[in-house]
C-alpha cells in the first residue's frame, strides 16, 4: 500500500526575488500534497552566516543560482525520495551530512533551506494542518507585534543616514488586525510629512518598502516619526513605539577602531552614551545591532546599561547560530535574537536557535531579509514559535504584505484564542 507521506519528488528552480535577483524555489511532492518554498537573501549580511551559493560569471551579473538548483535536483532529491515527509529533523540532518561543512558552503544554504521549508509545507498540507500549527502544535496562538521599517538608511538607502532602519511598533493595539491598521495609517501620514518637508523625490520606497529621505542626523527620522504618529491620531510611546536597527557593522571603521555616525567618531563608550540619550529623548523600545558583529564587549556594556529598560537585539552578532547565541547568553550580551532562517539554513536549526534564546529569557524577533519573495513562511513561523515579534518591512510592496496578510488570516483562524502581546512583545507569556 502506498504511503501517503512518502516523498515522491523534489524539484528546484531559479526564480526572481523582490530585487530582481535570482533565488531558489523548491517543491516537495507526496502522493497527497505539495509544498513550495522560496529562499530570501540579505543585503547587509553577517560574516558568520551560512553560505548562499551563487554561480559567478556573466549570467545575472554573477548572482545566478543554477549550482544550488542543481545540488537540490541531483544530490539532495535522490536521497529524499522515499523518506517520510514528516521526518523534518531527520531530513534536515541528512542534508547537513550531505553538505559536510560548517557553513553549508558545499551544497549552499539556499539549496538546503529551500528543501527544508518545502518539506515542512508538504507535511503540513498532507496532514491538513496550517503550517503554524504543524510546526508549533496546538499551543501556537501568540500573534507577533510588527516591527515595521518605515525609514531607511545605511546599505538599504542612498541617503547619508548611518543607522539602517527606523521602525514603528504598535504596542498599544488589541489585535494584529488593529496593529497593522495603525501601521498602515501612520505609514501614509509619514509619506505626506516627508513629501512636504523633503519633496516628492523623497517618497520613493526602498527594498523593504520604507522611505529614504535625504536625512543625515539620527534624530531627524525619529522626530519625523513622532510627527507622523501624532498626525495619524496616535500617542507616541503609549500606542506606537519606536525601534532602531543600527546595523553598526556597516559604520564601524576597523582602521581607527571607532564608529562613525553622521561624520562624528565614537568610541564604544561614547556610542553607548549616544544610545542612552536617544532612549531618554524618544519612545524607543528596541535597538538592533548597536555594535559591530565582533564587539561582544560593546553588546555586554549596552545590555548592562539599557537592557533592563529596552530590548537589545543581536542580528549580525548571533546570525541565528546556536553557538554564538550561547556565547552571548554566557556573556550577558544582548537580550533578544533576530531569527533569520536563511542565516542558519534549516528549519530545525532555526527552531533550535529560537529555543536556545527562549530558555535564557531572551526575546526572539522573526525576520525577513531585504531580498524577499511572495513566500510567507516566516509569518507562520512567528506564530508557531509564539515569538511575539516579527520584522517584515513597511506595509508596502507585495513581498512584505504577503507576510502581513498571512498573519491577518492566521488571526482570523485563531479567533477567540489568538493573543496579541502588545507591550509584552519580548516575553509574551509574562
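Keep in mind that glycine also has a Cβ here, set from the backbone N, Cα and C atoms.
Binding of Mg(2+) is attributed by Swiss-Prot to 245, 315, and within the candidate set 220, 269, 270, 288 the record adds 288 to that site. Among 164, 292, 406, the residue that Swiss-Prot places alongside 340, 369, 370, 391 at the (2R)-2-phosphoglycerate binding site is 164.
You'll find the Cα of residue 245 (Mg(2+) binding site) roughly 15 Å from the Cα of residue 340 ((2R)-2-phosphoglycerate binding site).
Look at residue 391 ((2R)-2-phosphoglycerate binding site): DSSP puts it in a strand. With 164, 340, 369, 370, 391 listed as the residues that bind (2R)-2-phosphoglycerate, the site has a largest C-alpha separation of 17 Å. The distance from the Cα of residue 315 (Mg(2+) binding site) to the Cα of residue 370 ((2R)-2-phosphoglycerate binding site) comes to 14 Å.
A straight line from the CA of residue 288 (Mg(2+) binding site) to the CA of residue 164 ((2R)-2-phosphoglycerate binding site) spans 10 Å.
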